[in-house]
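Visitor: Below you will find the structure I want to go over with you.
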Amino acid sequence: MPSHNAQADTAQTSSSTPPRPKLPTWLVCVVVLLLQLGFILSFVGAFHAPHPHRIPVTVVGSPPVAQKIAGDLNRLDGAPVRAVAATDLGAARDDLGHGRTSGVLVPDQTSDSDTLLIASAGGTSVGTALTKTIGAVDRARGRTVSVTDAVPLQSGDGNGLTGFYLVVGWIIGGYLLAAVLGVLQGAKPAGPAAAARRLLVFVPYALASGILGAVVVGPVLGALHGDLLLLTAIGALTVMASAATTIALQTIFGIVGIAITIVIFVILGNPSAGGAYQASLLPPFWRAISSAIPNGAGTDAVRKSVYFAGTAIGPNIWTLVAYITVGVLITLVVSYRSSTRGNPPADHDAAQPDRALAAPST
């Protein structure tokens, strides 16, 4: 009978397909619980007690006065600032305008008041910390300090968080699409050709994400205006870095790679990115990883491109490029080695419908 032949063929095909690996429910619960606790630990650990650490400050004045004040600042408990002495106010203001320093202190020897120039565009938490630190020092010396914001935020950039949320959106867009494709098509691509095709999907997607994100925060919402081409490039690189990393982790670890992606980009990347609190106010661990993860690299790149004429943006761009390069290489190499061993990726096979269920019954 034809129906019996169809059933036999289907059964034979099904028996040749490796069974889908299943994780015990309790293990899935434990993994998700650990991710949840990791989220709480990382965010609260990073933000619960912000403390300034070696914020760069330039003290401008005559050499004896500037050097003495800079020395006093550098001897403060906890090293909240890293002060240097200078004599050229114009050069110091230029450094502030290009993000090479976070504050300029100008002591006035003819009065009991000093002037502090800050750049809230470099981070409102940094400006606030500098104001409090310098203010406390001046009060102890019987002096006052007036604060001038020399590099203010754009009017629509409330608290300087627009760039951070823009980058978070790009990061989510990269790893979310990579994760969805992994679930639909199989976490592990079936060979280098399939891996290359999956990676190539993200080229137009990343470009579209970059330009549309820049348009939304700029012309549409009026929140952050900058060089549209540069912001598009930063966005495209950020999306590609997130996607390539996610695909690489899935290629190695299967569906578990998505959990590792969440650890990197959500649990570690978001609190260390310099959004609510810049790196110089974070605890040592989060401060150390801030610029080494695409979240922080992208946020710094956006901030520098919009407010500081792109000064020192190179390391941030290279960080994103490194994630893309390593992610692509790992994906292609692991896919090639799996195909040459003659072992089809289990997750790819598991993603295919069970054709035995579709066989007609008699």
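Yeah, the Cβs are placed from backbone N, Cα and C, and that goes for glycine too.
Note that the coordinates shown come from a computational prediction; the quantities given were computed from them, not determined experimentally.
According to TrEMBL:
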- 25-47: transmembrane segment (TRANSMEM)
- 163-187: transmembrane segment (TRANSMEM)
- 199-222: transmembrane segment (TRANSMEM)
- 256-277: transmembrane segment (TRANSMEM)
- 317-336: transmembrane segment (TRANSMEM)
- 341-362: region 'Disordered' (REGION)
Visitor: Given a Cβ distance threshold of under 8 angstroms, which distant residues of the chain, six or more beyond its ends, lie next to the transmembrane segment (199-222)?
Guide: 156, 162, 166, 169-170, 173-174, 177-178, 181, 228, 231-240, 243-244, 247, 328, 331
Visitor: Could you pull out which residues elsewhere in the chain have a CB under 8 Å from any CB of the transmembrane segment (163-187), counting only those six or more residues past its ends?
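Guide: Cβ under 8 Å, 6 or more out: 157, 198, 201-202, 205-206, 209-210, 213-214, 217, 224, 235, 238-243, 245-247, 250-251, 254-255, 257-258, 261, 265, 269-270, 273-276, 294-295, 298-299, 302-303, 306, 345, 347-352.
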